[in-house]
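TrEMBL has this to say about the protein:
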- 12-30: transmembrane segment (TRANSMEM)
- 112-130: transmembrane segment (TRANSMEM)
- 163-182: transmembrane segment (TRANSMEM)
- 188-218: transmembrane segment (TRANSMEM)
- 230-252: transmembrane segment (TRANSMEM)
- 295-317: transmembrane segment (TRANSMEM)
- 337-358: transmembrane segment (TRANSMEM)
- 364-383: transmembrane segment (TRANSMEM)
- 395-413: transmembrane segment (TRANSMEM)
Amino acid sequence: MPDFSSSSPIQRWVVPAFFAMVLVLGLSIFRDFGFSIDENQQRDTGMVSLKHVAQKISPEWVKKDPNFERYSVPLAEYTDRDYGVAFETSVSYVERLLQIEEVRHKFWLRHLFTFLVSFGGLIAVYQLAARRFQDWRIGLLAASWLLLSPRLFAESFYNDKDLVFMALFAIATNTAVRLLRRPTAGRVWWHALACAITIDVRIMGILVPAATVALLGWRAVRHEISWPRVLTLLASYGALTAVLVVAFWPYLWASPVVNFFEAFRNMAAFRWGGVVLYQGEMVRATDLPWHYAPVWLGITTPVLYVGSGLLGIGLVLRELLRQRWRLWANDDQLQDLLFLGLGLGPLLVVIALHSVLYDGWRQLYFVYPAFLLLAVRGWVAALNWQPGWPQWRRLVYGVTAISAAVIGVQMIAMHPLQMVYFNVLAGSNVAERFEMDYWGLGYQEDLAYIAEHDSRTGIKVYSPPPTPAVMSLQMLPDEQRKRMQIVDQEEGADYVITNYRWHPQPYPYLPGAEVYQLRADGRRVHSIFQLRW
């Protein structure tokens, strides 16, 4: 938790109370979210690496645990061997240490750990904002905006790819700011550890060390720090980061340099050639228009944050132009420059390189904390603007409070489907123009509905691919699960359940066949059709 020892009496209880409430909330609802389509593959990746490590350290443990038997492919031959596994292997280790056998308990554990890491990212965002603006209340505003980001709130419980990486990226950014402001050997160690874990979840984490090295070097150019001290710090930072990256990534052990660059090349040429629904058209992920990522960010982020973010970006760019080659004039501008680089830079690179994206902008979630910090910069500037109207500040406070209240009510009403949130900028007929539940979280609710409304045994359910319906069934209680089976063809099925993935048009079933619609924020997310043969 943050250090509140030198804070005001109000801060000493308000800030801990805020984070305590968030923690209690997360611990009380982490079981509410369904099974996402990638979770089983992510667990497999963690188990393959865990087996590889355990065979070297404790081979008897591997022999005694039958859970390892199905992972017969060596790590060197595993398809996703080049994926970072710092999170996946850790959770798999805890799972096997606790000897968890029931399927749904295994994935509840993953949801719990995903939330806890995301919670750490929330604390990092608070610290970044409170430090930058020297006001704990602004820190809470930034943390609240992250918390009240509906899509990311839901995904912070099951998206162990993008949300875990986003949280760790925020933590690494936090340690970077601490190091840049006051370079010490101790801060080098903490920053190296944070960067190594971040890189070992997703290799794009190298952006933080790159920014750290560049800004520390520029501080030396500006004579703010002596060159000998900077070179000493960078040498120890580089060596420690490299050692920790290899230590936490088993795939690198056999050939650290060669395998690291192979992983980087594979990331740069990501292997996915599917199609996405974008603005009502099916578009190949390799042929996306340049505006795909900005539009997705703009229509799935609360409007107040979008507007404040654009204002903040504009203000920082203006300051940057004024400074020219000096880049910054004070500590605040140095931090803003870092946030601009980490928040806007990757987005521009993705646009310039026509990078493969799919399922919204989730591969870019890691820029969101920096974007929010820029948004807070814009909000603070708007608050301090003096238009000659004495009620201006009250208006800003009022709009902010109303935004928080509206979003909070929406999130409660949508629970646990906040991941299909769109703001008013998305326009009408959203479900026909953009992918909704591409994670497949709603299939668990579909199956639960069937079990609750059909008392028969041997119920056959068909779900058009791609679908996590088989694993979603495993998340139900035994009594419900045993009465249903997922079949691989529509003929003979009692029900068809669908999230309309790659199929935005209506299904051609007879009128009355649709017995239930799973809806969120007034929009159709899933449908259940009962078939009569």
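From the backbone N, Cα and C atoms, a Cβ is placed for every residue, glycine too.
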Annotated stretches the transmembrane segment (395-413) and the transmembrane segment (188-218) touching (3 or more Cβ pairs under 8 Å): no
Criterion met for the transmembrane segment (364-383) and the transmembrane segment (12-30) (at least three Cβ pairs under 8 Å): no
Contact set, same chain, for the transmembrane segment (230-252): CB under 8 Å, 6 or more residues outside the stretch: 49, 52-53, 75, 81-82, 84-86, 89, 183, 185, 188-189, 191-193, 195-197, 199-200, 209, 212-213, 216-217, 219-220, 259-260, 263
Contacting positions for the transmembrane segment (188-218) when only residues 6+ beyond its ends and CB under 8 Å are counted: 84-87, 161, 164-165, 168-169, 171-176, 178-180, 225, 230, 233-234, 236-238, 240-241, 244-245, 247-249, 260, 263-264, 267, 327, 334, 337-338, 341-342, 345-346, 366
Residues of the parent chain within Cβ reach of the transmembrane segment (112-130), under 8 Å, 6 or more residues beyond its termini: 1-2, 15, 19, 22-23, 26-27, 30, 87, 90-91, 94, 136, 138-143, 146-147, 156-160, 163-164, 166-171, 173-174, 177, 335, 369, 372-373, 376
